[in-house]
Amino acid sequence: MEFDTIAAISTPPGEGAIAIVRLSGPEAVAIADKVFQSPSTKLLGEQKSHTIHYGHLVESDSKEVVEEVMLSLMRGPKTFTREDVVEINCHGGVVSVNRVLQLVLRNGARLAEPGEFTKRAFLNGRIDLSQAEAVMDLIRAKTDKAMNVALNQMDGKLSRLIGKLRQTLLETLAQVEVNIDYPEYDDVEEMTRPMIIQKGEEVRSAIEQLIQTSLQGKILRDGLSTVIIGRPNVGKSSLLNSLIQENKAIVTDIAGTTRDIIEEYVNVRGVPLKLVDTAGIRETEDLVERIGVERSRQVLQQADLILLVLNHSEALSEEDARLFETVKHMNYLVVVNKTDLPGKLSMEDVQKHAEGKSVITTSLLLEEGIDQLEEAIAGMFFGGEIESTDMSYVSNARHIALLHQAKATIEDAIEAAGHDIPIDMIQIDVTRTWEILGEIIGDTVEESLIDQLFSQFCLGK
Ligand SMILES: Nc1nc2c(c(=O)[nH]1)N(C=O)[C@@H](CNc1ccc(C(=O)N[C@@H](CCC(=O)O)C(=O)O)cc1)CN2
Ligand SMILES: Nc1nc2c(ncn2[C@@H]2O[C@H](COP(=O)(O)OP(=O)(O)OP(=O)(O)O)[C@@H](O)[C@H]2O)c(=O)[nH]1
Ligand SMILES: [K+]
Ligand SMILES: [Mg+2]
């Protein structure tokens, strides 16, 4: 495909040592030649591909010097976009890099839209949609593990899996056609239906396996939203500070210290947590505190995990019991804090309310119990260690939704094949499954969706 030539600043905004302005498109080299002067005096158009050149950028008419740069020359198709690419490495000042961008825009390039370089890599067939989406995941990855998931997807691991399933579906459809068109025996139906069921089952179970990795994949990608709740003064803010190893939240012995929601990201054994400290939940006359309590109840709704904190030096109160009731149907862990103080809390009571959920004891004052808590959190979602060899987790919400749809349609096909539903109806379900899986890799997908996906990228990517 032939496009116009785009340009953008590909490094983060602000001051840095070096900044890059990237050009891609059929005119990239010609535009660079208009504004680049090197000591060698040779035109870039005459230079070998994949070479880097020292020189100056100058105004095309006045030859006034604009910047001193290093320029990388990369001719397609062996480039990020498969088009001709020129990268101008300039000094990393805000003014400098903008000057360079303006210069190439004045000389024929168009300002790129967010994600447009990666979009071209997709449209020119270097990567498929799931690989392109992985590029964005990679940039946003907050932990090593999340980055590995993205790298694997970028490498095409998910694409290959999806490709294999679609191939099986196509072969099944082809076989159905053959059976119908060239019936060597009269028992076409008897041959065709079991084959659809067998192949359909193969595909269904593979999809199910992918879906099973998706909860973990999503956690690695988006972080586990973890809300700390408990009565005032039990040590919620102390717990946040211990987990992030920083004194971020205010801790005092005054009940009702935390009034606003405090959010912090922390990496617990490879699991990224978005930790949320909340106002202690209790009946209160204080207006500000009451608003805080109300907010605590709201953030609870969106939590993936709840840490319910109790005070070891006080008997279980009615408010504690109400908190247990609130989180009953959610993922939660109980943290019994202040074990350094004389115990008034009956652990039997706690176990009864916790209904089999883990109960961890801590003394945040003495820095005890944090290890066990971290272990319990990681164990809850990853059964101990996160798998590091086979990182083909599905992590993207769009992909997960499509996998669920694909599973439903292939199940329809299997079900229909086992009953007296006409073969052509079953073909429709199998074909639909093939299409839905195709949307994951961008093979069968609406242009508007493609535009929308790439627009979420950063500028210059
Ligand atoms: N300066 C710079 N650094 C960068 C990038 C970039 O665009 N510019 N990248 C941008 O994200 C990443 C590197 N990603 C890239 C991916 C593919 C190709 C590429 O040219 N692929 C070709 C040919 C490979 C080959 O030589 O065999 C291909 O796949 O056909 C280049 C960069 C990270 N670092
Ligand atoms: N003895 C003892 N004191 C602790 C422990 N953990 C926290 N504290 C103290 O308990 C008090 C309350 O701690 P916070 O972390 O502010 O409690 P909170 O649950 O956030 O309180 P609110 O925000 O007011 O609801 C502070 O004085 C802490 O130093 C512990 O393990 N042992
Ligand atoms: K407090
Ligand atoms: Mg607090």
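Even glycines carry a Cβ here, placed using N, Cα and C.
On a predicted model such as this, the values are computed, not experimentally measured, just so you know.
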- Of Asn233, Asn241, Asn267, the one that TrEMBL places in the same K(+) site as Thr252, Ile254, Thr257 is Asn233
- Hey, what's the Cβ neighbour count for Ser237 (Mg(2+) binding site) at 10 Å? 25
- Query: Roughly where does the domain 'TrmE-type G' (223-382) sit in mean pLDDT, to the nearest integer?
  - Reply: 92
- Message: For ligand 3, list the binding-site residues among Arg22, Asn233, Thr252, Thr257, Thr258 whose CB atom is within a distance below 6 Å of it, in sequence order.
- Response: Asn233, Thr252, Thr257
- Item | C-beta crowding around Glu87 ((6S)-5-formyl-5,6,7,8-tetrahydrofolate binding site), within 10 angstroms | 21
- Message: Can you check which residue among the binding-site residues Arg126, Lys236 has the largest number of Cβ atoms within 10 Å of its own?
- Response: Lys236
